[in-house]
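**Student:** To start, I am sharing the structure in question, which I have written as structure tokens.
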Amino acid sequence: MFNWVKTAMLMAAITALFIVIGGMIGGSRGMTIALLFALGMNFFSYWFSDKMVLRMYNAQEVDENTAPQFYRMVRELATRANLPMPRVYLINEDAPNAFATGRNPEHAAVAATTGILRVLSEREMRGVMAHELAHVKHRDILISTITATMAGAISALANFAMFFGGRDENGRPANPIAGIAVALLAPIAGALIQMAISRAREFEADRGGAQISGDPQSLATALDKIHRYAAGIPFQAAEAHPATAQMMIMNPLHGGGLQNLFSTHPATEERIARLMEMARTGRFE
């Protein structure tokens, strides 16, 4: 229930932001257009944002015939978690990473890169996919996917405003201060992600994944490997769509500056330490 409230609040906040931007660019007419655009974006984000994200990564759906071992692993873990079977996707990228998306557990999808399948052992892959299914079980996937698509839309609108400026309803040039304000919208998009996606969510998914797999150590060693390998392998699709970085099990961004705003992951060392403590004590708290 809390995630539903959080999602509704996020949509309302972004709608208000779009209206403000519309006013900066085109006065009252711009505000009306922005409101209609925001309502359309809200509808689109709820129903289609998962498909949009999967398309951004050129993810290919697989089944028991095309990726039998991986598909059966996800099915077994979904059964252990008492979840419906999600759609399963592979992304042809060398960088090791994975994410979950969808609007609810009944319409969920999990995706992994071909790189992560090469780097991790089967036991470690189980830990990673259990983590992603924990996101599904906790209903994190709707807000994370909507946030990614909305932040991307705001950044695109900011770029449009910076290049084309704007005029008010009387045809006069818009307030020059508005241009400066609009130029700051990309950082605002990053800030929205920081507010909406808490680092605590990753810790909870680590804990939930450990419960599903029954093997916290496998996720700990997987995170260590992903962290080490990912540092030297660029994830081109993620670099092109930095607003989606918060969906990944590990931050895929290597750039500095603006891209750091989209980093929402806790320190890998702390995640590993917590998981190893679970393995030592047998307590998933």
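From the backbone N, Cα and C atoms, a Cβ is placed for every residue, glycine too.
Below are the features I grabbed from Swiss-Prot:
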ACT_SITE  Glu132  active site
BINDING   His131, His135, Glu202  Zn(2+) binding site
TRANSMEM  7-27  transmembrane segment
TRANSMEM  30-50  transmembrane segment
TRANSMEM  146-166  transmembrane segment
TRANSMEM  177-197  transmembrane segment
**Student:** Setting His131, His135, Glu202 aside, what same-chain residues sit with their Cβ within 8 Å of the center of the Cβ atoms that define the Zn(2+) site, listed in sequence order?
**Tutor:** Ala100, Glu132, Ala134, Asp140, Arg201, Glu204, Ala205, Asp206, Gly208, Gly209, Ile249
**Student:** Under DSSP, is His131 (Zn(2+) binding site) helix, strand or coil?
**Tutor:** helix
**Student:** Out of these recorded positions, Glu132, Glu202, which one has the fewest other C-beta atoms within 10 Å of its own C-beta?
**Tutor:** Glu202
**Student:** Round to the nearest Å and give the CA-to-CA distance linking Glu202 (Zn(2+) binding site) with the residue listed as 'active site'.
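**Tutor:** Here the two Cα atoms lie 10 Å apart.
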**Student:** Identify, among the binding-site residues His131, His135, the residue whose Cβ has the fewest other Cβ atoms within 10 Å in this structure.
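**Tutor:** Per-residue Cβ counts within 10 Å for the binding-site residues His131, His135 bottom out at His135.
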